[in-house]
């Protein structure tokens, strides 16, 4: 009976994919678009099945489905830009570089997944060099038709504001690394004190609640994205894609324990992990980056003009995660008394989530009066409230969900 149901389900999926590809072909008057649609659908279902098969402890079905859809959509976008409408429309160089770079990282990861011998340290770094560096440089040289190194230098020094922002970002990176080192040393010190006192086990890893420690990175995201979106959104757009590629590579090195960096990364992550990181993969940092960056990838600001009214949708991730989620966590930990039915979240935290977002938007508006142009305060409050309620009741990783909820509400 189960086999029959499975077979019929597979038939249903195949017929559904076929119908969508035919529809795409007719609607867009293009057979390549229909083929791309068919490939994207099969890619999504295969990736979802394989990921849940091997890493089911690291995801809920909803989280895995959302990530696989995002990756399938990205592959479809790359295929459309590179093979179907290549040369027929203008794509910013930043987008070209990010797409080529992430494809190179994707090939690197797939190779490690399907060819276990490449996980050997002696082959890992040559494989990384061939795919993520040599392949990346070669594809970019063909796509951009000029030297990638000269492009990077020109891009990074395009204006005084951009140079100052890069210096500011570097300072924040140093602060983040210093905080990770502090967390690791604090945890080791707490464990040493427990052992010295001959207690059975520590009650907590640190004197500071883990929720509070993790919110430090949310604050750092605010410090990066807010000045970046207001003064140089193209730099933030480009930087988030580069950091995403770097995070993926770091997680691969940590997961496979590739020396000399793997054990060091594993030890650095350990003090900041919670029950959501119980699987083989540690994805919380990637989720935070994706959540804050997805709105600006889905709703990009025209880089050639400074249109502040377009910044609010792009800042959906910063508002919900950097401001709202942080306020909810801190107020919930230190002042929360009344819990929502069936959850660990507090009503005080939810109220703080909404109020903090509204106060933050009002504050930014004082420096950039056009920040809320086209958006009523009723709509902003509705979006903030919807995100806060989802944060209170969702069982998924809220870093992925909250920005999308806010973005959808603000654009309705």
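Note: Cβ is positioned from N, Cα and C throughout, glycine not excepted.
What TrEMBL lists as transmembrane segment is 12-29 (among others).
Here TrEMBL flags 64-86 (among others) as transmembrane segment.
Look at TrEMBL and you will find 98-115 (among others) tagged as transmembrane segment. Among residues of the same chain six or more beyond the transmembrane segment (98-115), those with a C-beta under 8 A of the stretch's C-beta atoms are 71, 74-75, 77-78, 81-82, 124, 127-128, 131-132, 135-136, 139-140, 143, 238, 241-242, 244-245, 248-249, 252, 256.
Feature annotation from TrEMBL assigns transmembrane segment to 122-142 (among others). With a threshold of 8 Å between CB atoms, the same-chain residues lying at least 6 positions outside the transmembrane segment (122-142) that come near it are 96-97, 100-101, 103-105, 107-108, 111-112, 148, 245, 249, 256, 258.
Counting same-chain residues at least six beyond the ends of the transmembrane segment (162-182), those with a Cβ under 8 angstroms from any Cβ of the stretch are 156, 216-217, 220, 223-224, 227-228, 231-232, 235, 239, 268, 272. Annotation source TrEMBL lists transmembrane segment at 162-182 (among others).
Listed as Cβ neighbours of the transmembrane segment (236-257) (distance under 8 Å, sequence separation of 6 or more from its ends, same chain) are residues 94, 97-98, 101-102, 105, 108-109, 112, 119, 124, 128, 132, 155, 169, 224-225, 228-229, 263, 265-266, 269, 280-283, 285-286, 289-290, 292-293, 296-297, 300-301, 303. As annotated by TrEMBL, transmembrane segment applies to 236-257 (among others).
TrEMBL lists 278-298 (among others) with the feature transmembrane segment. Long-range Cβ contacts of the transmembrane segment (278-298) within its own chain (Cβ-Cβ under 8 Å, at least 6 residues beyond either end) map to 55-59, 70, 214, 217-218, 221, 225, 229, 233, 236-237, 240-241, 243-244, 247-248, 251, 254-255, 269, 313-318, 320-322, 397, 399-400, 402-404, 406-407.
Annotation source TrEMBL lists transmembrane segment at 310-335 (among others).
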